[in-house]
Amino acid sequence: MLVKVFSFFILMITMVVIGVSKEYCDDKHSCQNFLLELKTASSSLSEIRRRDLLIIVLKNSVRKIDMAMIGVMEDTKQHEEMENDKLCLKEDTNLFEEMMESAKDRMIRSVEELLGGEFPYLGSYENIHTWLSGVLTSYITCIDEIGDGAYKRRVEPQLQDLISKAKVALALFISISPRDNTELNSVVPNSPSWLSHVDKKDLYLNAEALKKIADVVVAKDGTGKYNTVNAAIAAAPQHSHKRFIIYIKTGIYDEIVAIENTKPNLTLIGDGQDSTIITGNLSASNVRRTFYTATFASNGKGFIGVDMCFRNTVGPAKGPAVALRVSGDMSVIYRCRVEGYQDALYPHIDRQFYRECFITGTVDFICGNAAAVFQFCQIVARQPNMGQSNFITAQSRETKDDKSGFSIQNCNITASSDLDTATVKTYLGRPWRIFSTVAVLQSFIGDLVDPAGWTPWEGETGLSTLHYREYQNRGPGAVTSRRVKWSGFKVMKDPKQATEFTVAKLLDGETWLKESRIPYKSGL
């Protein structure tokens, strides 16, 4: 009986996958095998049935992850003594496990949301779209970061298979149309408990008031409960639905901080971006994997960082060195300073909002595959290593179905005092992956930016599939007459087109940003 039921489900999956099979099977044998296993038949199923099939695909992928992790773990134990570089092996193993858990968590959440009463209304729909994009990004992060060697040869077949399944799941999801329900979409959940001691009439976050009700205080001088940021984060509860507030007093905190995904809803408030400083000096030259070079990494959903500095002191000569990596959905960075050189800010995954921040770096200094909006930020290019150019963005959208992209709105793009603009070229961005998506809207662009505006990553790759957009910018670097002539680049004239890159559209921000009490501009 069970065999018949399973065969029936497989048949249903084959009926729905026909519409997405060719596009995602041309390049990977694993995807071909997957779709061959499903045996395409018909695509005339209702959207409810498509939802049911997507749930089956996701549950199957969760089981595949569990099997892959067990298999890789056993294989690694057998070959551990043969590995020459134990540090690399440890980093690769940790990264593989972390990204598999990341993907698994997002798929489980997606299944729960698919079964919820609000799908496919917009808020629920955008949640799932974000998380399924994050599943794909998690797998690709593994492929990108794990070093070439025996370990990669062991895990790559499983990763390629999972990547193919993630692309199919995304395409299947996109085949379901969202429903617009203004009432559902505009409802903001009840004010979180952390606002119960603050005047809820305050439209915007009151940092001084929140400091007084902080759950814990960190201070270098001993006036707080803890003297390190890590100790305070360790004290935060796991899997909490209530916000946990950590007030970090003035001081330089020389420590590498990582918030696990089991600790959502953390708020860290400092005394100002020039007063509360978290600093580190890891780089690809000593940690090997860019992902783990971050001075501060947040993996928890709903993270809010306010009035502090995230700094990586490694200079421009040592390659990628992240100051801040954000890998949690619905994260907000407000009035913070992000300071580094190559890969300084890594908006890795999911929805993120940056407001009134100071961001400085050199090569690809805003990089990743998040859906991120930057509003009223100071984006400052600094002097790179000799012979290098500056690239402000390196966005890594993998497929047209991804829910990701960077939007730079009402920001100032300028040069630091040490940047020699006469000899160093600076570009708005280059495509890390072929569907790289970046929009610069209503911003000031200084004369540091090359007239071409944008530059290729390698040859002609991605120049017709990327989405680079500019809209109503000003300043000497905003002149578009000499911009690149790629088919993927456009100067937008229609505000309806530009609206796609706003908080409301790119982040679905109206459904979650109000809770943060951080000021934001929803549209243009």
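Backbone N, Cα and C define each Cβ position, glycine as well.
Feature annotation from Swiss-Prot assigns active site, proton donor to Asp343; the stated evidence is similarity to another entry. Summarising the annotation, Swiss-Prot assigns active site, nucleophile to Asp364 and lists similarity to another entry as the type of evidence. The substrate binding site annotation in Swiss-Prot covers Thr290, Arg430, Trp432 and rests on similarity to another entry. As annotated by Swiss-Prot, disulfide bond applies to Cys357-Cys377. The feature N-linked glycosylation site is assigned by Swiss-Prot to Asn265, Asn281, Asn412, with sequence analysis given as support. Annotation comment: Swiss-Prot describes 23-172 as region 'Pectinesterase inhibitor 42'. Marked as region 'Pectinesterase 42' by Swiss-Prot: 215-510. The annotation signal peptide is assigned in Swiss-Prot to 1-22. Residues or ranges marked as site 'Transition state stabilizer' in Swiss-Prot: Gln342.
Recorded features from Swiss-Prot, shown on the structure.
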residue: Asn281; record: N-linked glycosylation site; contacts (Cβ under 8 Å, 6+ apart): Asn312, Thr313, Val314, Ala321
residue: Thr290; record: substrate binding site; contacts (Cβ under 8 Å, 6+ apart): Glu145, Ala284, Pro320, Val322, Asp343, Tyr346
residue: Gln342; record: site 'Transition state stabilizer'; contacts (Cβ under 8 Å, 6+ apart): Pro316, Gly319, Pro320, Ala321, Gly361, Thr362, Val363, Asp364, Phe365, Pro384
residue: Cys357; record: disulfide bond; contacts (Cβ under 8 Å, 6+ apart): Ile333, Tyr334, Arg335, Cys336, Arg337, Val338, Phe374, Cys377, Gln378
residue: Arg430; record: substrate binding site; contacts (Cβ under 8 Å, 6+ apart): Asp364, Phe391, Thr393, Ala394, Ser436, Trp454, Thr455, Pro456, Trp457
residue: Trp432; record: substrate binding site; contacts (Cβ under 8 Å, 6+ apart): Asp364, Cys367, Ala394, Gln395, Ser396, Trp457
Could you tally the C-beta atoms, other than its own, that fall within 10 angstroms of the C-beta of Asn265 (N-linked glycosylation site)?
24
I'd like the Cβ neighbour count for the residue listed as 'active site, proton donor', meaning other Cβ atoms within 10 Å of its Cβ, all protein chains included.
28
Model confidence over the region 'Pectinesterase 42' (215-510), averaged pLDDT:
97
Just how many other Cβ atoms lie inside 10 Å of the Cβ on Asn412 (N-linked glycosylation site)?
16
